[in-house]
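If you look up TrEMBL, you'll see ASP174 marked as active site, nucleophile. The CoA binding site annotation in TrEMBL covers 17-20, ARG40, 74-77, 98-100, ARG106, 139-142. The annotation substrate binding site is assigned in TrEMBL to GLY253, GLY254, GLN255.
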Amino acid sequence: MSGNKPLKGIKIIDFTHVQAGPACTQLLAWFGADVIKVERPGAGDVTRSQLRDIPDADALYFTMLNSNKRSLTLDTKTPEGKEVLEKLIKKSDVMVENFGPGALDRMGFTWQRIQELNPGMILASVKGFSDGHHYEDLKVYENVAQCAGGAASTTGWWKGENAGPTISAAALGDSNTGMHLAIGILTAIIGRQQTGKGQKVAVSMQDAVLNLCRVKMRDQLRLDKVGYLEEYPQYPHEKFGDVVPRGGNAGGGGQPGWILKCKGWETDPNAYIYFTIQGHAWEPICDALGKPEWKTDPNYTTAKARQPHIMDIFATIENFIKDKTKFEAVDIFRKFDIPCAPVLSMKELLHDKSLRASGSIVEVPHKVRGSYWTVGSPIKFSDLKPEVTASPLLGEHTDEVLAELGYSKDQIGKMHSNKAV
Ligand code: COA
């Protein structure tokens, strides 16, 4: 970490697992918070052993979501474990959890109890649905949230053999909810500076997905009003129903766009670009394609005039780039200020020089794995360059954290024999 550490001194009990919660606390750890991951003795976060690529080493699923943290093993269902957690709560600023509904209460740590122990405590939770929701009892994973939050209904194809609600590969339900929660935690920390009191912060995965689908709600309201959506590929040749349709690869905003094939698409699954027809860039597009006559043809001069044959326009562009690689195509269009990008594979992103130089892709040394590549901080500061350090081994910091809480060597040894830690 270079520069200052804005969250230095903030102590976080990280009672999270899988992805949504860990993504949130990892972000806060990058920015300087002391994040203590509390895990069940013996097993720890389930992602340590899920989807392993190296036998007996923490899986990438775990290492890529838990960097910069410390690990404390603690059975919080034993009296000794509960006592340790109480001490930690008294000394910490934030507790983050994403257990199934009611698990924390069943453990004996209700919001009321936590406030008694530490009135300044901020309790931050991720659940599938918000408190009081008719589905509040449900356990939820990523794709369930994408369906409940509107993403699946508006993603994918509306006709053809692949028609149907579709899940995005992006973690809209998990990491996205964690990012929302991080904003809530930082807000509550600032609020506490004013009031001296902590508070409960909660983000449901359904709400976090819906927040990202805001523009689709916009389209529903427009559809209700006018009965059609001009920028969707269904317009004007097909009928609209009463719900926002799936738009395939349409831009969905004011600028029509589509995925276009480039040289080699027959064998390379990612030989494509995304091309956007930005209204005021129409003339440069005509110049780039060598179609100056389109600049004055009334069938092409306005977005409305272009829409009925927008797919023919995309076909013309595709024909223009069929002998060019995706990188060559983008290099041509960027000179004309046209918003476009190659479709980049994970392999290309992993080896991208710019991403490595900026710290968006980083290599992290690890005691057992040797080293692993991971995604670094997407947030860049002028006075902070987060340094990503290894995820902790299970219980790596148990004795250290217990000693900080005032336990003697003998007491710590006893807890180990009792399997409380
Ligand atoms: N010591 C003792 N017990 C512990 C413990 C510890 N350190 N850590 C967890 N536990 C216990 C919990 O108290 C709970 O016990 P209980 O059910 O007997 O009360 C138990 O472990 C299981 O917790 P739960 O969170 O329900 O795990 P699960 O594997 O059944 O469900 C999810 C996993 C993700 C579906 C569920 O946690 C969930 O819906 N979370 C909220 C939404 C979410 O974040 N989902 C996305 C994850 S990426």
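Yeah, the Cβs are placed from backbone N, Cα and C, and that goes for glycine too.
Here the features listed in TrEMBL are painted onto the structure.
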residue : record                   : CB count, 10 Å
HIS17   : CoA binding site         : 23
ALA20   : CoA binding site         : 31
ASP75   : CoA binding site         : 20
ASN98   : CoA binding site         : 28
ARG106  : CoA binding site         : 12
TYR141  : CoA binding site         : 14
ASP174  : active site, nucleophile : 27
GLY253  : substrate binding site   : 12
GLY254  : substrate binding site   : 10
GLN255  : substrate binding site   : 14
Requested in this report: Using CB under 6 Å from any atom of ligand 1, narrow the binding-site residues GLY253, GLY254, GLN255 to the ones that qualify.
Outcome: none
Query raised in the report: Using an 8 Å cut-off from the Cβ centroid of GLY253, GLY254, GLN255, can you name the remaining same-chain residues around the substrate site, in sequence order?
Result: GLU231, GLY251, GLY252, PRO256, GLY257, THR276, GLN278
Report task. May I ask which of the binding-site residues ALA20, ASP75, ARG106 is closest to GLN255 (substrate binding site) if we compare their C-alpha atoms? Result -> ALA20
Report summary line: ASP75 (CoA binding site) and the residue listed as 'active site, nucleophile', compared by Cα position, are separated in whole Å by 25
Report summary line: CA-CA within 10 A of the residue listed as 'active site, nucleophile', subset of binding-site residues HIS17, ARG106, GLY253, GLY254 in residue order, equals none
Query raised in the report: Does DSSP put TYR141 (CoA binding site) in a helix, in a strand, or in coil?
Result: coil
Query raised in the report: What three-state class does DSSP give ARG106 (CoA binding site)?
Result: helix
